[in-house]
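J.: Starting off with a structure, shown below.
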Amino acid sequence: MAKLLHLSCSPRPDSESSAGARVFLDGFRQARPDWDIDIVDLWRDRMPDFAGPIVEAKYARMKAQAFNDAQRDSFAEAERMALRFSLADRVLISTPMWNFGIPYKLKQWFDIVIQPGLTFRFDPVQGYLPLLKDRPTIVILASGGDFATGMNRGRIDMATPYLREALRFIGVSDVRFVPIGPTIGPADSILAARETAYRRLGQIATRF
């Protein structure tokens, strides 16, 4: 069965990014009722800390060293998470912007799955090469300010370039971003941003 993976990155079920994801998924389910939707809730699903054995395992692989038992068990967690992502035919990431970047849980997810020999490899001639196949990916990015039209009062969006590059590094380049912002400020501005994003999400969902 074809599968859509949803990385849900907000701790708040009623957040703007979560609401945008519901709009998209409602349209997607209507367009593709036979697809499986696998939801990864980064705040409720178990993720290992990126510390201790899993870090040691990463460096062991980089040095072509054998794992000890603790490293093997920790790396198996990374393999499980990466496999769950790699089996998806489509990907939806819904996330807020926190302090111009991404939530630490989403960064933790990337730190765990971006592993040598798992999602990328290094070639002395070609450099870093991705190991995952490309797949259509939508990123819903909700922000308090309006970063889409430039009305961001001099603040910098560091979430979009990070997510684009982290995904490209492991092989996912077919990525579209749908911003929702501003989510703080005058009510009419918030409503207009929400309606624009929902309209675009509804359109994308029918042919994603």
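Cβ coordinates are placed from backbone N, Cα and C, and glycine is handled just like the others.
Not measured: the values here are computed from a predicted model.
Quick paste from TrEMBL:
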BINDING   Ser10, Ser15, Glu16, Ser17, Met97, Trp98, Asn99, Phe100  FMN binding site
DOMAIN    3-198  domain 'Flavodoxin-like fold'
J.: Long-range neighbours only, meaning 6 or more apart in sequence with Cβ under 8 Å: which ones does Glu16 (FMN binding site) have?
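T.: When sequence neighbours closer than 6 are ignored, Glu16 (FMN binding site) has Pro96, Ala142, Ile180, Thr183, Arg194 within Cβ distance under 8 Å.
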J.: What three-state secondary structure does DSSP assign to Ser10 (FMN binding site)?
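T.: The three-state answer is coil.
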J.: Report, as a single number, how many Cβ atoms besides its own are within 10 Å of the Cβ of Met97 (FMN binding site).
T.: 24
J.: 10 Å Cβ neighbour count around Phe100 (FMN binding site)?
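T.: Cβ-Cβ neighbours of Phe100 (FMN binding site) within 10 Å number 15.
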J.: Taking the Cβ of Ser17 (FMN binding site) as centre, how many other Cβ atoms lie within 10 Å?
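T.: There are 25 of them.
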J.: Would you work out the biggest C-alpha to C-alpha distance among Ser10, Ser15, Glu16, Ser17, Met97, Trp98, Asn99, Phe100, the residues that bind FMN according to the record, and give it in angstrom as a whole number?
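T.: If we measure all Cα pairs in Ser10, Ser15, Glu16, Ser17, Met97, Trp98, Asn99, Phe100, the largest is 17 Å.
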J.: Within 10 Å of the Cβ of Ser10 (FMN binding site), how many other Cβ atoms can you find? Include all protein chains, please.
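T.: Looking across every protein chain shown, the total is 25.
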J.: Given the binding-site residues Ser15, Asn99, which one has the fewest other C-beta atoms within 10 angstroms of its C-beta?
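T.: Each of the binding-site residues Ser15, Asn99 was scored; lowest Cβ tally within 10 Å is Asn99.
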J.: Can you tell me whether DSSP puts Phe100 (FMN binding site) in helix, strand or coil?
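T.: Where Phe100 (FMN binding site) sits, the three-state DSSP reduction gives coil.
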